[in-house]
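Novice: Per TrEMBL, the features are:
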type     : residues : note
COMPBIAS : 575-596  : compositional bias 'Low complexity'
COMPBIAS : 613-627  : compositional bias 'Low complexity'
DOMAIN   : 15-416   : domain 'Cation/H+ exchanger transmembrane'
REGION   : 575-634  : region 'Disordered'
TRANSMEM : 6-24     : transmembrane segment
TRANSMEM : 55-72    : transmembrane segment
TRANSMEM : 84-107   : transmembrane segment
TRANSMEM : 113-135  : transmembrane segment
TRANSMEM : 156-177  : transmembrane segment
TRANSMEM : 183-204  : transmembrane segment
TRANSMEM : 216-234  : transmembrane segment
TRANSMEM : 271-291  : transmembrane segment
TRANSMEM : 311-334  : transmembrane segment
TRANSMEM : 355-380  : transmembrane segment
TRANSMEM : 392-415  : transmembrane segment
C-alpha cells in the first residue's frame, strides 16, 4: 500500500474513532484508538506500516508541543511555577534515574543506557488524557493547571533526556558533568530560539494584518501552522533543543495575540485549525501505536526471552514503580516543601492525601511517550540494530495502556465526594470580566450619546443607544448582584436570568428556522451558492454568539439559584430564632417606598439620559420591550 493511502486511512480512522467515542463514553479515546489500530493490523492481510523515526519525531512532536504552549493559561503557569518546575524537571530526573536502574535490574538483558532511554520516554505525562477522563468529575482547577504546566515542560525535558540516553547508547560514553552542561545550553538556547522566532512572527503578523486587515487571515493561519516546524528545525540546526524551541514559540505567539483584538476572522480560523491539527495528530499517534502493537508483540515473542504473561508482569511492575516514584515525589517533595509556602504573605494549605493520590493517578503516559519511543533509531552507527528497541517500544506502549486503565478506574473513585467550590474560580472570573466588558460598552455608548448632529440624527441615535444600552443594563442586573444575600434581590435576578436563558433558547430555534428556509430557497434555485454561503455564514456567527451566551447564562443562573437557596436557608434559620423585643417608641420599618425597588434604585427621572441605569421609556401598547429590540435580529 502506498504511503499516501496509509496516511489517508490513518486520518480517516482517527476521525471515525473520535465519532465513536462520543457514543462509547466509558472508554477513553486513546484506548479506543489503540484498539482500533491493533484490529486493523493484527490479521496477516492488515495494515503494516514502517516509518523513519526521525521523520516521525519531526512531523508529530513540534505541532503538539507548540499547541500546548499556545493554549496553556500563562497567568496560572507563572503563578504556579514552583510546583510545575519541581514536577517537570525534578520529577523527570528522579524518574529517569530511579526507574532506569529498576528496569535494568528487572530486565538484565537491557543495557543500562537503554533502560535510561525507556525511563526518559516514560517521564512525560499527558494532561489532555487526564482532562478527557475527569471532564465531568470535578477535578480541582488548581491541580489541573499544575498538571497542564507539568505536561508542557516535562514533554520537553523528558525528550531531551531521551536524546542524551540515545547518544550514550550510540557512542558508548556518558558523563554527568557534560550532560548537565549540554542540557543547560540546549534548554536556554532552545527557549531563546523559539521565543525570538515567535516574537518576530507575532510582530510581522501584527504589522501585516494592521495594514491589510483580515484579507490575509488564511495566509497567516497557514504560516502559523508551519511555525512549530520552523522553530524545531532552526533549534536543531543551532545545536539546541528544537523541542523547547517549539514550546517557547507557542507561548510567545500566544502573548503576541494579546495586542491583536480586532482580527476576528483570523482568530476564528486559528482556533479551528489548531483543534483539527491536535485531533488529527493525537489520533494518528495512538492509531500508529495500535498498528505497531501486533508486530512488536511478535518480535518480542521471537526473542524467546519472555512469554506473554512475563511481559504483562514487567509492564505492571514498571507502571507500579513509575507511579510509586511519582507519589513519593509529590508527598515528600512538591507538597511538603513547595505547595505549603507563603504566597503573597498567606500560608497556603497543604494538599490532602486525596489530592496527592489524584495527582499520582493523573500521571498518565500518552502521545509524547509513544512518539518518543517510536523516534528511537533503528540502527547504531556500526550498522547493528539498536539494542532492545522493540522491547522498549512494547514496554512503553504497555505502560501507556496501564496508566490509562488505572486512571480511568481510579480517578472517578478518588474524586467522588471531593469538596467543590460553590462557584468555580474560572466561572467567577468570567462573570467579573463580563461585568467589566458591559461597563466598557456603556462608557462607549455614553461617548456616542454626546456627539453633535442634527436634531433628527440625534433623535435616531438616542433611540438606538437606548435599545443597545438597555440590553447591557439587563445583563448587568443579572451579573453584578449575584452575591447579594437579600432573598428578594436574588429571586429577581434569578428570574431575569431564567428569562434570558429562555430568550436565547428561542433565538437559537429561530436561527435554525432561518437556516432551514435558506437551504429550501437554494434547493428551489431561488438563490445561488454564493448567496447561500454568505447568508449561512452570517447565521452561523449569530448562533455561535448566542450559544456561548446561553452557556454562560445557564451557569450564572445556576450560581444565582444556589445563592438564593443558601439565602433562604439562612433567612429561615434566623426567623426560627426568638425575635428581639421592640423598645417603646421605636420605629417599626414599614413597607418599601418608591426608592426601595427590587433593583435597589430610585424611580427613574423622565428627563434623565437614556444611559442612566434603570431608565427605560415605557413601551407603547403592543410594542416589545427595549431589551428584546436590542438583540440581533433572528
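Even glycines carry a Cβ here, placed using N, Cα and C.
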Novice: Counting CB pairs under 8 Å, which listed stretch among 55-72, 156-177, 271-291, 311-334 touches the transmembrane segment (392-415) the most?
Specialist: 311-334
Novice: If we call contact 3 or more Cβ pairs under 8 Å (sequence gap 6 or more), are the transmembrane segment (55-72) and the transmembrane segment (271-291) touching?
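Specialist: Since 3 or more Cβ pairs under 8 Å link them, the transmembrane segment (55-72) and the transmembrane segment (271-291) do come into contact.
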Novice: Checking distant contacts: for the transmembrane segment (216-234), what same-chain residues at least six beyond its ends satisfy Cβ-Cβ under 8 A?
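Specialist: Distal contacts: 58, 61-63, 65-67, 193-194, 197-198, 201, 205, 208-209, 242-243, 245-246, 248-250, 253, 263, 265-266, 269-270, 273-274, 277.
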Novice: Is the transmembrane segment (6-24) in contact with the transmembrane segment (271-291), using at least 3 Cβ pairs under 8 Å (sequence separation of 6 or more) as the test?
Specialist: yes
Novice: Against the transmembrane segment (84-107), which of these stretches has the most C-beta pairs under 8 Å: 113-135, 183-204, 311-334?
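Specialist: It is 311-334 that shares the most Cβ pairs under 8 Å with the transmembrane segment (84-107).
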Novice: Under 8 Å, at least three CB pairs between the transmembrane segment (113-135) and the transmembrane segment (355-380) (pairs 6 or more apart)?
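Specialist: Yes, the transmembrane segment (113-135) and the transmembrane segment (355-380) are in contact.
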Novice: At a threshold of under 8 Å on Cβ distances, which of 6-24, 183-204, 355-380 pairs most often with the transmembrane segment (156-177)?
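Specialist: By Cβ pairs under 8 Å, 355-380 leads among 6-24, 183-204, 355-380.
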